[in-house]
Ligand code: COA
């Protein structure tokens, strides 16, 4: 039986209006900036303006996809986030009025730390296998925020990635095999009463490496490819050095030596965007994929490994084949512009944004116009978020 290939037909990302350079943070914290630039592999991080949230960046990521492909037959919209704006209503429902999603669709929010976007992709592939005429819009959007003056602070960031998942995809056809691993662990979590995550950093680094290795073992048990078949390894990147650590761990666990040049060849091109955007939780892995496709030499016909990890924890090792002609479908210029057009923050402004809290009294509060991105949070009124296109 031949099965129709399913995968990523289009991929678009968006980030926030502001960014902070890690040199500014290092100076403030009294640490050598190379601890951030080299030690964790982060140079800048995106920071949300007061009138931005995951809805505004998700809308900005998804809009170009609808402009290029229309909304017909998008019968499912899956938005993954761990920094949602409501405990009940799915964030993607706000996108109907902002970018014109179809009403004849199921719209759901998914959560499992940084893994949620991968769950969305897997669920989308299942729905399309059932009916190849349908298309699924998968969006991963997060604004990563840790407490000030903690080790997690330099690993903040923000981005949204939108993917149109279809039969006969133009960019990446997904292999039907996945390796899975889940375990109950407290390495990173955010109780409902907190706006910032709690993280046991060292535990999370070790848990990530173990989970990735376990997911790989399961992938092989399911009949997946050999390590040597992959042209590149795209890892979830809470900070880019993590991808190098995890890949070294995986190679060594399989009896290979991990030379620096081999690691760079396998990982390097996946880190360009994350190095300057920071951790975007659910979006991070797919920002890594965008970075790889935008920066690597021709990948036509090559197999890519995708390694997803969400604390708590769930990991998935999956793979796909880059499609002929994929380059014509990339959004390299727009992606680079989204990053280069950010306004750099000074420390005091960053700190003020970090400490700001939204009003909770239910009265009308207009938000000062700050972002120059396509969508903004214009006001809070009657406990409702009021969005507008700019
Ligand atoms: N120049 C170059 N490298 C330097 C340096 C300098 N001046 N100073 C320190 N470093 C290196 C360290 O050697 C270390 O490298 P290594 O990990 O390869 O050993 C790295 O910088 C980080 O230093 P460390 O002292 O371990 O940092 P930290 O205690 O501040 O914590 C994290 C780092 C990642 C644990 C912390 O940022 C964190 O908790 N982040 C959030 C959790 C997270 O992202 N988890 C990932 C899994 S989901």
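Glycine is no exception: its Cβ is also placed from the backbone N, Cα and C atoms.
Just so you know, TrEMBL annotations never went through curation; they're auto-generated.
Of the residues 73, 274, 279, TrEMBL puts just one in the (3S)-3-hydroxy-3-methylglutaryl-CoA site with 32, 146, 245: 279. The recorded positions recorded for this entry are 32, 114, 146, 245, 279, and the Cα of 114 lies nearest to that of residue 82 (active site, proton donor/acceptor). The least crowded of the recorded positions 236, 245, judged by other CB atoms within 10 A of its own CB, is 245. DSSP assigns residue 114 (active site, acyl-thioester intermediate) to a strand. The two recorded residues, residue 146 ((3S)-3-hydroxy-3-methylglutaryl-CoA binding site) and residue 236 (active site, proton donor/acceptor), have Cα atoms 18 Å apart. When the recorded positions 82, 236, 245 are checked against ligand 1, none has a Cβ within less than 6 Å of one of its atoms.
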